[in-house]
Structures are given as C-alpha cells and as structure tokens.
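Here's the structure, in structure tokens; my notes come after.
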Amino acid sequence: MEVPAKIQKRIERLRHEINDHNYRYYVLSQPTIPDSVYDELFHELEKLEKKYPETITPSSPTQRVGAEPLKVFEPVHHEIPMLSLDNVFDEKGLRAFDKRIRQRLKLDKPFEYVCEPKMDGVALSLLYENGELIRAATRGDGYTGENVTQNTRTIASVPLQLRGNDYPELVEIRGEVLMPREGFAKFNREAEKRGDKTFANPRNAASGSLRQLDPRITAKRPLIFYGYLIGLLKGKDFPKNHCDVLKWFKDWGIPVISEIKVVGGIEGCLDYYEHLVKTREKMPFDIDGIVIKVNSLQVQAELGFVSRAPRWAIAYKFPAQEKMTVVKAIEFQVGRTGAVTPVARLEPVSVSGVTVSNATLHNFDELYRKDVRVGDTVIVRRAGDVIPEVVGPILAKRPKKAKLIKIPSRCPVCHAEVIKPEGEAVARCVGGLYCRAQLRESIKHFSSRRALDIEGLGDKLVELFIQEKLIKDITGIYQLKKSAITALPRMGEKSAENLLTAIEKSKKTTLPRFLYALGIRGVGDTTARTLARHFHELDLLMKASIETLQEIRDIGPVAAENIHAFFHQKNNAELINKLIHLGVHWPQEKAVVKSEIAGKTFVLTGALKSLTREEAEEKIERSGGKATSSVSKNTDYVIVGENPGSKYEKAKALGISLIDEEAFLKLLKS
C-alpha cells in the first residue's frame, strides 16, 4: 500500500519531535512538555507505523522495544581494550599520580585536568556507523565483552540515531549504565509486592537488567546511560581536549553528567573531590569517587598505558562506608599460589546495601597488627565500596575469652607444611600443585586462554572432575577417559568428544605458554616470554640458579627466588616431567638473531589476514621485539590491518612509523 505523502510527513515529524524531547529530557535536563503529551505523541506514531509498517525504520523511537528473547549473548572483541582505572584512596596517592605525570612529561607547572563523578554502574560501549547505533557491548574482561545491543536499544537515553549530521563515519562511545536511586527503590518495592527477586544495590540492578536475555524485561527497568569517552573513531579527527569530546556527545544527543569540571592542577582536583564528598548524597544515582583525566588528548597519547590502565587517568575513591559487627570465627583460605589468607566469618551486617558475612584480613601481618580475635566486635567497611575488610576491633567491647589466632603450621586443605618467610607478610602452603586448593585454581589457570587454552574446560567442570576424583593432580587432565566423562551429569558423547579433542589439541603449545600455565608466583605471560627467550630450553631454566635468574632484565630478586623455588621442589619437577611424558610439547625456542624487530616495540590495530593477533604478538616476542596494546611515544611501529581503530590516528599524530601486514611479514623474515 502506497503511503500518502501527508502521512509520511507526519510520521517523520513525530519522530523528530519525540527524539527532540528525549534530547531535552536526558541531555539538557530541560523538558518542555509534560509526560502525558509525550505519551500522546508516542502512541500516535505507534498507531501510524502499525497501519503503515513499510514506514518503520530501525532508528524509529518505537523500535526500542519488542525484540524476541535471546538464547545467549554473543562475544564482542574490543578493538581498543576497555581498560579499568587505577585507584587511589587518599591525597598522598593523588599527588603521587600528578607527580608521575609531570615527571614523565618533564613539566614543573600545573596543567589542566577534567574531573567527573565516578559513576557506580556498568561500563558499556556503543558503536555508531553513520550516526546509527549498530552495536552495544559490555566491558567483560576488557578484551572481550557481550553483545547487548537489543537490550541497550530499550534504554530511552541512548539515541538510536545521533543528532545533527556532524558525526563521524564510525564512532565508539563508552560510558556507564546506571539505575537512579529513585527508580531502584521503586523497582524493589514493586518486586517485593509481587514476591519477585529484589536487588541489593543499584549497581547490581543495572548489571542484572542489562544482561537479561529477554529485552522486554530490560525495557521495564529504569536505566540511564551517560557517555564519558571515545574508543574507535573513523572519518573525523580527534579534537584537542577531552572536554571537547564531551561537547561532541551533547551535540550528538548523548547524555553527559552535568557535574564535570575542568580544573587547573591537582589543587583544583582536591577542591572538586571535597565538594563531591559533601554533595554525593544529593545526586540522583550512586557514585563511589571521582575520576581525574588529563584534558589534552595529545598528552594522553604521549602518556599511554601501563598494564591494564591508562597513565593519564586515575580514580580517587571516597572513604568506604563502615559498620560494626562480631567476629564469629577466623578461618583460612588457600589460593592458587599457596597463599594462606585469614578470613573473618562475621555476624551478617549490611554495608552500602550489601550483606557482608565474610571479610578479608589480607595476611597474618595485618591480622596481628590489627589484633583481631574471635569474639571481637569489629568495624567492617567495603574498601573502595566493593571488597569487605575488617578495619579493626573495638577494644572496649572485647570479651575476656577472645582468642588470639596463630599461623597454622599445616595447610587446612592438604596438610602440607605452611611457611612464612622472614620479611614476607604472606604465609604459604608448600604443597605446590599437589594441594587440592591450589590444584582447583591451578587447573583453571593451566587451561585458561593465555595458557594452554583448553576450550570447554570451565570452572564448574573442573570442580566436578576434582569432586569425582577424576583429576588428582594437574596431569590428570591428560589422563581423562571418555567413559568417565560421559558418566558425569549433563556430559553426553558429543560433549566428551569435544573436550577430549580440545585437550589433545592443547598438547601442542609454546614454551612461553607452558611456563605461564604452571602458575609460578610472579610469572605472568610477559615474564614467561622473557624466560623462554633467554633460556630457549626448559631444562636450562629448571637448573638455573637465583643469581643467573637475577641477571635477566625485568627479573627481580623476589621473582628469581620464586622461580628457583618452584623448579627445585621435587613434586613440581615430577609433575612437569609427567606432563611431557603425556605428550605436552612445543617447538624449541630459537635464539634471537639480529633482526629489525629485536629491541623494537610494536602495536597492532585492525585485523591481519594471515595471522591472529596472538600469533603476531608471539612472533614479535620470538624475534626479540615487544608487543604492547597501546600507542605511546615509545612505540616504534604500528602494524595496520583491516579496519584499523583510533590507534592508527594516534600513531599518525605522534609521527610513529605505520606498516601494513606485508611489510610486517618482511620484517619477520629479515
């Protein structure tokens, strides 16, 4: 049926008016019509689109709701990792952050920072192509998140189409999804009346709402989105400053939190912090601190990143909320590396909306310094508003029979000896990979993606294998039989075959991956590559003295001692030999010959045709180079694949050498 021109014009007019009212309500906080009038406009548009379905477009305001439930969330790879921020908890830490930046930039005078509230919600990435929302993804582990596009489309403050026409060809807008306090209280009241599950706090409510498999449920939750950062950007140059990015957001219809302020120097940041400490309760949603960012994007690019956080930003957390309760018992947990940690079992108490019944005492030095005993009345707080910890006892309330806790002489799990080296705060079980507590975590680590990458061997299955005594040590992974696996609940023939295929595939690995998989304390994937590159053979590494290990660049005395102790423990040596006997193998690491890659730092952006990102990084490391995830002035080359991200733009701005895949492969052969 042909749509009359008059009707088409009215539909377009209604869409424009509704989008404009959304913009005024969510971005400008200046609504110009009552809700009832807005509802009338929306219902009129719905009726017209129902009568003329050929007029419906994906970006129409009516298309926020109505998608069918999903079976599972698809994974999304973040081209630019969604990194978290480092935290500081006092003025001293904040001043140290400022000092590090100025020293790195060789600046004496203060420079501009942008201060903003640290929203206590869920990080979200919005991808817009030619102004239209095409994908929304959660942070996940920072590298891989979940596709929550259908759910995000139901959030009224997220524009399905950016305003105006001055937006780039492709832009990734990062921000936070929140549930305002008022909406949270109302939701819990109504859920309680229905006898449904309630949420402990607004953050849990926002996270649970965003990850509903049925978008129609998300649509009923009072969620709001605020943008705070650009990830990918194509078809437009970055502006000069971060505050200019926020102005872009407002122009495009992306809500930006109003309490953002540009300040001169660290003193301005401290003033902003003090102001927000006093006014945080007046805000419509929960915040747990402030975020401080260098305003200049050029300076941000120069500073770059360290590990999993940017150097140019920091989170200054508010003092944690505190409550009193009683210590019922002090028990001991054993971690993957054998650390024996005292944990207080508490009379349950609500702190910041979360019921706390366990709290860490960190280590035995902390336990004795605080002098916490069973029976004590203690102050409990959520450190950084997240992790429960015991601040200390109230001595005036201490009962006469309060018991002082001693370091256990034996591991509570495997009964091996527990030792506490002089000068160290942590006591450790020496049972190694034979300790059941360490075994559970060690298998999870051993089979993880960056280690031997055994697909399908998840946490629950590991627990089940240990519980059923199918795996008694880490070598048991390679001795699993199909008949034993299929006898387990919910494990059919196909599942068993897939798992055994993945286990067999994992036998062929690399020396760096194998070293990382062993879970040696202090040996991450970077240190594992360093060790493999230096020794080339496992036997040489296992025989190395502490002095030899300390001669290697980036291996300090503590790491050297841990590596030496691990390989000189009889149980571990036997386990390694057994793994090799069971077929775990790798190509011998070749000594690095002089090449154009040796000593150079590389960053990859975009997809390569002939190699995965991990394969390319491994080849760089084997050739004596270094692969990093972010561009800085210390980067030598940026390898540009298909559909490069903003790393490409940053590299151009810093004058860093750009090479394509063909040039990179030639360098590898050099």
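All residue numbers here begin at 1 and follow the chain in the order shown.
Here the Cβ of each residue, glycine as well, is placed from N, Cα and C on the backbone.
Now, the feature entries from Swiss-Prot:
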- K118: active site, N6-AMP-lysine intermediate (ACT_SITE)
- D35, S36, V37, Y38, D39, S84, L85, E116, R139, E176, K293, K317: NAD(+) binding site (BINDING)
- C411, C414, C429, C435: Zn(2+) binding site (BINDING)
- 592-670: domain 'BRCT' (DOMAIN)
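Here the features listed in Swiss-Prot are placed on the structure.
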residue	record	contacts (Cβ under 8 Å, 6+ apart)
V37	NAD(+) binding site	none
D39	NAD(+) binding site	none
L85	NAD(+) binding site	V291, A309, P310, A313, I314, A315
K118	active site, N6-AMP-lysine intermediate	I287, D288, G289, I290, V291, A315, Y316, K317
R139	NAD(+) binding site	H78, M82, S84, V122, A123, L124, S125, G145
K293	NAD(+) binding site	Y113, V114, E116, H242, Q300, W312, A313
C411	Zn(2+) binding site	V334, G338, V340, E417, V418, C429, G431, C435, A437
C414	Zn(2+) binding site	C429, G431, Y434, C435, R436, A437, Q438
All-chain count of other Cβ atoms within 10 Å of C429 (Zn(2+) binding site): 27
DSSP three-state assignment (helix, strand or coil) for C429 (Zn(2+) binding site): strand
Secondary-structure category, per DSSP, in which K293 (NAD(+) binding site) falls: strand
Collapsed DSSP category at D39 (NAD(+) binding site): helix
Within the domain 'BRCT' (592-670), residues counted as helix, strand or coil by DSSP: 28 helix, 18 strand, 33 coil
DSSP-derived class (H/G/I helix, E/B strand, else coil) of C435 (Zn(2+) binding site): coil
Confidence summary for the domain 'BRCT' (592-670), mean pLDDT rounded: 84
